[in-house]
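**Student:** Let me give you the structure first, and then I'll get to my questions.
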Amino acid sequence: MTNIRKSHPLIKIINHSFIDLPTPSNISAWWNFGSLLGICLILQILTGLFLAMHYTPDTMTAFSSVAHICRDVNYGWIIRYLHANGASMFFICLFIHVGRGIYYGSYTFLETWNIGVILLFTLMATAFMGYVLPWGQMSFWGATVITNLLSAIPYIGTNLVEWIWGGFSVDKATLTRFFAFHFILPFIIMALAITHLLFLHETGSNNPSGIPSNMDKIPFHPYYTIKDILGILLLILALLALVLFSPDILGDPDNYTPANPLSTPPHIKPEWYFLFAYAILRSIPNKLGGVLALVLSILTLLIIPFLHTSKQRSMMFRPLSQCMFWLLVADLLTLTWIGGQPVEHPFIIIGQLASILYFTLILVLMPLAGIIENNLLKW
């Protein structure tokens, strides 16, 4: 008799994806972050669902409904902080996952990589809209400043902004539609994530050496399921430590003040995971130029596969490219720091230099390092 997991139409799909999946025998802990992102997504959908049961998307009551969740709803405070800090964990895993893809040359799986970049964009949009929902000062002004960037688009910009706002300023209509989109987008993300996996399983996973591993594969279960469970436990431990000891450390104190259109906060800044892009935006004095740089800072990921010049796929045996990669990581950390600083000397010039370095590394220095390494190895 055939095993049910191999014959049942539905269970068969799960079996081929998570149980009998042939997996390279040498993938390291850097490959754990895909499953961690899946766990983060499930956690965000579940906590978000329970928050949506008590939240009211109305300018008059949104702020107090969040306070009500924290004070009056059973375990509402932990649900709210799991959701808020879960987003931070999501982005930490996401940045590591993308970094892994760049380091080990996983971007050569074009479809998987492109869907991943679309996923990144969708996630950023979802997180931005979620930040607006508590309707604190930073929520309101963040929404105003970021949506206003679209007015830099020639000819249609102003109309586009007013269309998104649903009026002449960020108001009730904006909050309602942001809540609607924030609710629906995670399900779209889930569909995209399944497509991402579908394309990945067409080619099979990459591995640290970047060499095809078809002759040396092992079943996903039990070897990698147990490894993933360890990663999940560590993620939950880190998240709970954050939620139970310092839940507000990554937030902005200004968001505990109800939104007031008549009073601008001294420093408007987004959540920490957008600060690198925000720093790039601010480093260009021209509005349209800044918006273009902001969009290109993420869109450059789409052209990375076409800038791969090395004869080797992975950076595992390429010390020069490794230096460039870690310089890029340091540069992104610098940009994140600059994004949270006021616009004054010396932060302006540091931000501009870091922004130039970011694009130079991706578009010029990393491809150049690949060419130099090929020549050194006489390939």
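Using the three backbone atoms N, Cα and C, a Cβ is placed for every residue, glycine included.
Quick paste of what Swiss-Prot says about this protein:
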- 33-53: transmembrane segment (TRANSMEM)
- 77-98: transmembrane segment (TRANSMEM)
- His83, His182: heme b b562 binding site (BINDING)
- His97, His196: heme b b566 binding site (BINDING)
- 113-133: transmembrane segment (TRANSMEM)
- 178-198: transmembrane segment (TRANSMEM)
- His201: ubiquinone binding site (BINDING)
- 226-246: transmembrane segment (TRANSMEM)
- 288-308: transmembrane segment (TRANSMEM)
- 320-340: transmembrane segment (TRANSMEM)
- 347-367: transmembrane segment (TRANSMEM)
**Student:** Under 8 Å for C-beta pairs, could you tell me which stretch among 77-98, 178-198, 226-246, 320-340, 347-367 has the largest tally with the transmembrane segment (113-133)?
**Tutor:** 178-198
**Student:** Let me spell it out: take the transmembrane segment (178-198), skip the flanking residues so only those 6+ beyond its ends count, and list any with a Cβ under 8 Å from a Cβ in it.
**Tutor:** 17, 37-38, 41, 44-45, 48, 52, 55, 57, 112, 115-116, 118-119, 122-123, 125-126, 129-130, 132-133, 143
**Student:** When you check the transmembrane segment (33-53) against the transmembrane segment (320-340), do you get at least 3 Cβ pairs under 8 Å, counting only pairs 6 or more apart in sequence?
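**Tutor:** These two stretches do not touch.
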**Student:** Let me spell it out: take the transmembrane segment (320-340), skip the flanking residues so only those 6+ beyond its ends count, and list any with a Cβ under 8 Å from a Cβ in it.
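**Tutor:** Same-chain residues near the transmembrane segment (320-340) but 6 or more away: 95, 99, 102-103, 269-270, 272, 274-280, 282, 310, 347, 350-351, 354-355, 357-358, 361-362, 365-366, 369-370, 372-373.
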**Student:** What's the CA to CA span in angstrom from His182 (heme b b562 binding site) over to His196 (heme b b566 binding site)?
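**Tutor:** Roughly 21 Å, rounded to the nearest whole number.
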**Student:** Looking only at DSSP and grouping its letters into three states, which state does His97 (heme b b566 binding site) belong to?
**Tutor:** helix
**Student:** Report, as numbers and ranges, every residue of the chain located at least six residues beyond the transmembrane segment (77-98) whose Cβ falls under 8 Å of a Cβ in that stretch; write 'none' if there are none.
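**Tutor:** For the transmembrane segment (77-98), the list is 30, 33-34, 36-37, 40-41, 43-44, 47-48, 50-51, 66, 69-71, 116, 120, 123, 127, 130, 235, 238-239, 242-243, 247, 250-251, 271-273, 301, 332.
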**Student:** Any idea which of the binding-site residues His182, His196, His201 has the thinnest Cβ neighbourhood at 10 Å?
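**Tutor:** Lowest Cβ count within 10 Å among the binding-site residues (His182, His196, His201) is His201.
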**Student:** Including all protein chains shown, what's the count of other C-beta atoms within 10 A of the C-beta of His97 (heme b b566 binding site)?
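**Tutor:** Other Cβ atoms found within 10 Å: 20.
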**Student:** Using a Cβ-Cβ cut-off under 8 angstroms and a sequence gap of six or more, which residues of the chain neighbour His83 (heme b b562 binding site)?
**Tutor:** Gln44, Thr47, Gly48, Leu51
